[in-house]
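Taken from Swiss-Prot as is:
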ACT_SITE  125  active site, proton donor
BINDING   64, 66, 92  Mn(2+) 1 binding site
BINDING   64, 92, 124, 173, 248  Mn(2+) 2 binding site
MOD_RES   2  N-acetylalanine
MOD_RES   307  phosphothreonine
MOD_RES   311  phosphothreonine
REGION    302-323  region 'Disordered'
């Protein structure tokens, strides 16, 4: 535990922020023992706080970041660097992008520095079997070692799963579950835990809304389910909630409503993977629970294959006129 005792959080944050204004892509190489310390200390804080967070507005809510570190810095420039604003992130900090390490290290550092004002939920990519494949493992191995990746896994296994803002806005990474009858079921999930292949915890991190589904449907991802508008309406009514806020899918404008504005999808990585022209968005919730959106436009850049149509990923939501 010596790593925790001598952790200089202010110095770590300062070095991570020094690349502001640099050409995107410049790395920040923290010492391995500093990163280990971030994992150990934040893990302690995650376990000391509930698995179902109860938060108060005002706060800003962000969706997937996926290792797009310079876009994370843009989000903070737009919304205010902590502690200027309170934040809730909905998961998927690592994989796909080039700088998962900087991204997760800054987020964990802010969690340690401002434990009551800065909150991180678990996404489906904060799971060893997923981030072993989609980039984070390789980044850890290339820049440090596999042992450090395992230390992150121990930290991710303790992240909270869901949050409720002022008893009215239910937040999670993926979506609803056919197994979810009572909030007490979420509170009873014991940590540390891996993400199972099915069941409540899996669904909260993996499920997706689908306007063409009545009730529950099969998910094209091969994991969890899809759910229709009626499922959303019933859930909100039963639990006296106003809104579900989730991430997990690329949306063209950075945010997209579903089920008569009873659910919103947030995605905060603009130009996702360099392949999409999507914007990124952050949702600001004020003291009256009015929600507004701050948009990060996709960076203007010439694409090498500008004429070639891009294959959309599974789960891409396209804007369609409501019938």
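Keep in mind that glycine also has a Cβ here, set from the backbone N, Cα and C atoms.
Cα-Cα distance from residue 124 (Mn(2+) 2 binding site) to residue 92 (Mn(2+) 1 binding site): 7 Å (rounded to the nearest whole number).
Neighbouring residues of the recorded Mn(2+) 1 site, listed in sequence order and excluding 64, 66, 92, comprise 63, 65, 67, 91, 93, 94, 95, 96, 97, 123, 125, 247, 267, 268, 269 (Cβ within 8 Å of the Cβ centroid). Spacing of residue 66 (Mn(2+) 1 binding site) relative to residue 173 (Mn(2+) 2 binding site) is 13 Å (Cα to Cα, whole number).
Spatially close to residue 173 (Mn(2+) 2 binding site) yet at least six residues away along the chain are 90, 91, 92, 121, 122, 123, 124, 204, 205, 246, 247, 248, judged by Cβ distances under 8 angstroms.
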